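J.: Can you read through this structure? Questions will come right after.
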Amino acid sequence: MNAPLGGIWLGLPLLLTWLSPEVSSSWWYMRATGDSSRVMCDNVPGLVSRQRQLCHRHPDVMRAIGLGVAEWTAECQYQFRQHRWNCNTLDRDHGLFGRVLLRSSRESAFVYAISSAGVVFAITRACSQGELKSCSCDPKKKGTAKDSKGTFDWGGCSDNIDYGIKFARAFVDAKERKGKDARALMNLHNNRAGRKAVKRFLKQECKCHGVSGSCTLRTCWLAMADFRKTGDYLWRKYNGAIQVVMNQDGTGFTVANKRFKKPTKNDLVYFENSPDYCIRDREAGSPGTAGRVCNLTSRGMDSCEVMCCGRGYDTSRVTRMTKCECKFHWCCAVRCQDCLEALDVHTCKAPKSADWTTPT
């Protein structure tokens with residue numbers, strides 16, 4: 001019984017030396033660049049040669065990726081909105097999230113997955129909207145096909161998600177493929193899980209043709225679901241993420257706890273336990289929860305007890321403008337008055353210790 005555990009602990013120092021400190025995906029910083037392809041490609045720090053090649057060759061795709069960064073970071077912040085770490089970004093950091101993702105935690109796993117998914121979504125959408133020279137609608141969706149409802153014709157514009165996945169794999173994975181360390185393998189696994197998540201929610205939409213909508217003829221196409229579907233799915237995967245260690249030959253993972261199942265390609269994996277994110281810690285990249293708004297009546301992660309880590313909270317009375325006395329007017333409008341509403345806002349207290357922040 002002791003041998004397997006001993007093997008894990010003896011391998012831990014080696015594992016930690018394999019966890020590269022340079023893990024931030026520098027392409028995330030593309031959200032802050034301008035429209036000039038050469039300026040964008042040459043000034044985003046940390047891109048590897050393959051990424052710069054793709055950047056120079058496909059400036060229109062890079063613009064789509066850059067616009068998509070705002071979308072997937074917003075989705076990350078939505079999913080973590082009630083948690084101590086709320087996916088906050090740092091505008092001046094080329095890694096976008098600061099040092100917090102240097103730890104191979106489940107938060108890192110989620111961010112790599114959602115960012116990879118965001119690239120697939122942004123590129124695929126741009127293809128369908130005719131914004132990219134290198135792709136368009138899915139060329140394979142032509143002719144006649146069958147489903148459970150009968151025969152239909154492929155028509156409209158099916159989202160070319162295979163192109164989005166192919167380009168995302170080539171661009172996003174390029175940096176990790178240059179490394180042989182454990183963290184690179186972790187990132188590659190979670191990147192793939194993110195890409196697969198987008199395709200999971202590809203759905204068939206159809207339009208009926210015929211007298212009075214009789215649907216004697218159908219035209220169908222494939223369309224991506226709203227990105228929130230992908231975000232919700234990856235959030236569930238985050239909550240069920242599997243802690244792993246490297247196998248002995250350094251080519252893959254094995255579960256850290258033998259009682260848990262082996263991770264599938266759809267699961268998120270991580271190496272290190274997360275910090276509690278209670279205290280601001282510059283070294284760990286944790287902003288802490290001092291000043292965060294908490295919910296006094298909640299029993300969840302956003303409750304004042306959990307969010308404030310037992311430090312207590314301050315309450316302030318604020319007023320806000322709301323719509324009130326709304327009435328329906330025929331036809332067809334709803335008209336409301338603007339009213340001032342007073343409410344209590346609860347924010348987490350800072351730690352009492354004078355040295356709660358790491359000195360600069």
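The backbone N, Cα and C atoms fix where each Cβ goes, glycine too.
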J.: Identify the disulfide partner of Cys206 as annotated in Swiss-Prot; candidates are Cys137, Cys157, Cys220.
T.: Cys220
J.: Which of these, Cys208, Cys215, Cys348, shares a disulfide with Cys308 in Swiss-Prot?
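T.: If we follow Swiss-Prot, the cysteine bonded to Cys308 turns out to be Cys348.
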J.: According to Swiss-Prot, which candidate among Cys127, Cys157 shares a disulfide with Cys135?
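T.: Looking through Cys127, Cys157, the record in Swiss-Prot gives Cys127 as the partner of Cys135.
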J.: Please list, in sequence order, the residues in the chain of Cys336 (disulfide bond) that are at least six apart in sequence and whose C-beta is under 8 Å away from its C-beta.
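T.: Listed in sequence order: Lys323, Cys324, Glu325, Cys326, Lys327.
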J.: If I take the alpha carbons of Cys332 (disulfide bond) and Cys308 (disulfide bond), what is the distance between them in whole Å?
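T.: The Cα atom of Cys332 (disulfide bond) is 46 Å away from the Cα atom of Cys308 (disulfide bond).
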J.: Quick check for the class: what is the C-alpha distance, in angstrom and rounded, between Cys304 (disulfide bond) and Asn295 (N-linked glycosylation site)?
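T.: Taking the Cα atoms only, Cys304 (disulfide bond) lies 6 Å from Asn295 (N-linked glycosylation site).
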J.: Express the distance between the Cα positions of Cys137 (disulfide bond) and Cys127 (disulfide bond) as a whole number of Å.
T.: 6
